[in-house]
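Worksheet for the structure shown next.
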Amino acid sequence: MGPQREGDASLETQDNPGGAGDGSKDAPILPAYSTVALVDEEPEPVDPWSLPELHDTGVKWAELDTKGKVLRVVTSIGKFFLLIGFLYMFVCSLDVLSSAFQLVGGKAAGDIFQDNAVLSNPVAGLVIGVMVTVLVQSSSTSSSIIVSMVSSGLLEVQSAVPIIMGANIGTSVTNTIVAMMQAGDRNEFRRAFGGATVHDFFNWLSVLVLLPLEVATGVLYKLTKLMIDSFQIQSGEDAPDLLNVITDPLTNSIIQLDKSVINEIATGDPAARNKSLIKIWCKTETTTVLKNVTVPGPENCTSAALCWVEGNITWTTKNVSETIYLEKCHHLFASAKLSDLAVGLILLALSLLVLCTCLILIVKLLNSMLKGQVAVVIKKILNTDFPFPFSWVTGYLAILVGAGMTFIVQSSSVFTSAITPLVGIGVISIERAYPLTLGSNIGTTTTAILAAMASPGETLANSLQIALVHFFFNIAGILLWYPIPFTRVPIRMAKALGDITARYRWFAALYLLLCFLVMPITVFGLSLAGWQVLVGVGVPFIVLVVAVVIINTMQTRWPQRLPAVLRTWDFLPRWMHSLAPLDRVVTAAASFCGRRCCCCCKCCKCAGSGYDSEGEGEGEKKPRPLEMYDNPALTQDGEPELARRDVEGGNAGDPKATKM
């Protein structure tokens, strides 16, 4: 009876197209709905880490007339020169940002380096290297302080090795800050933050392995000592000054610093504390004159013939160096009656404003220029591997390119900050950005080696040994975390962090605070309390972190091998295994700020809110568009009801929660 009735119904539909049952042939034809789509499998999710297609939305070249073609060529040339100009301003703003940080925290950095008793503790030395480099925003500045202390005998080479490792970590904060400028677009932010923090994870993981090894065996110290003793190394030329030739005219017109003041504070010169870091006189001349000076006693005289006593004062004749000031500097703050801190804060605000503006404009220009065939060619060149069996060579070639480019620009921060927006917009994959970053780490050490070779003969050995320690530390890190694909852990960690920050964008700021401020200060305080306290607190924490990582991995791959209670984290309070509760607090605070404070807080609300189309804590579920054969009753009424129940039940974002 079922099939017959179905056939009758179909015949009736043909006889009566109106389908209303009233026999009217003029009734409108209703659209057909099918529930077949309800039982179809959902389409496979798109990988958010895959490089997006940069489509050309403009008119094709072949469809343009002569005037249109000329206009497009002129526009493209104009965009190219604008891009060069914005890149120039971007690099200059990074230089001014470094100067601002040195004005704000440079003397504090010198004071930190002065405590030699603390520096002898390897963990404290590592943390000091991180904090000082974050303060001055330049690993080359902190490295030069270390070299000065080693050369003057205030710090042993072996004690300086952990500080060099810390400086390597601290320099990676710049491109992480740059990545936060792309928080407006979720997927761009995911890729940019992952591409930036792959540098952080490489440095942290390398230190976790190599610092204990160095403390136990002194392998880097012994290797570099052997090299220094084996070769007759002559003093070389000054390090190349390629990029600074271009940027100095602008940056020197804004601010010039006397960086020797930080070195003098670190080496214990009491007179340096009253000096300003702002350079006032740019052209000076030092002369040596013979003068009568007082000395504590006859034993301090230059010779018995040139020594006499007048009452309780002992005099002698000796050569004294005098500085003659010839020409005053012409930068903006040369005549300003402001303290170093005030000038530093002014430059910090201005440089961050220029840096953010340039970065936003660079990203928009790149998005505008990298379209159609141009995008295909560039992405193919940057991301395509050599054919088998030479595909493995591609990554090592990228390392060489990163080292060469960093050698040219003389700053790993500048190079990694420049490729971060390219990773964000999808021109460079994170898998390709990783070897470029590793090469950048090597490139910045080769510049330090050349600078060390320009040192005077009496300090050349120690200076060069420290530079070689930096070089071999990065080489060892590459050997640990790159040759075997399975060991490229920083990429997986950076992707995981990128997914979290894309879901909860406020977490990026929390990561910066925790990684480069809270954690270093905490470890530094524990190390000052003694080895027993550091080990007593640090070892259980590390064991807990390792255990959580292992359980998370097994939950994903081999859940059947875990006890039933450990197959999920649901037995813990929700705030211990999910950011959703904290996200609600941040979102509520941002909403309150947006309502009560100012209009600019709306950006904060947008960046802080995790209530979006993906992730845990999902508050609004985007409705699926109504397709031709969807059942409107279920599509329009059923899904919002399910979404509402999911949110109220705390299961938003969990696909299992909506299963019947």
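Cβ atoms here come from the backbone N, Cα and C positions, even for glycine.
A TrEMBL annotation is a machine prediction, not a hand-curated record.
Here TrEMBL flags 618-627 as compositional bias 'Basic and acidic residues'.
Look at TrEMBL and you will find 1-28 (among others) tagged as region 'Disordered'.
The region 'Disordered' annotation in TrEMBL covers 610-660 (among others).
Taken from TrEMBL, the feature transmembrane segment applies to 80-103 (among others).
The transmembrane segment feature in TrEMBL is assigned to 123-147 (among others).
According to TrEMBL, the feature transmembrane segment maps to 159-181 (among others).
The annotation transmembrane segment is assigned in TrEMBL to 201-221 (among others). Sequence-distant neighbours of the transmembrane segment (201-221) (same chain, 6+ residues past either end, Cβ-Cβ under 8 Å): 122-123, 126, 157-158, 161-162, 165-166, 168-169, 172, 434, 437-438, 441, 469, 472-474, 476-477, 480-481, 489-490, 493-494, 497.
Residues or ranges marked as transmembrane segment by TrEMBL: 341-366 (among others). Residues 79, 82-83, 86-87, 89-90, 92-94, 96-97, 99-104, 178, 181-182, 188, 254-255, 278, 333, 421-422, 424-425, 427 of the same chain lie 6+ residues outside the transmembrane segment (341-366) yet bring a C-beta within less than 8 angstroms of a C-beta in it.
Here TrEMBL flags 386-407 (among others) as transmembrane segment.
Per TrEMBL, transmembrane segment is recorded for 463-484 (among others).
The annotation transmembrane segment is assigned in TrEMBL to 504-523 (among others).
Taken from TrEMBL, the feature transmembrane segment covers 529-551 (among others).
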Decide whether the stretches the transmembrane segment (463-484) and the transmembrane segment (80-103) have at least 3 CB pairs under 8 angstroms, with pairs required to be 6 or more apart in sequence.
no
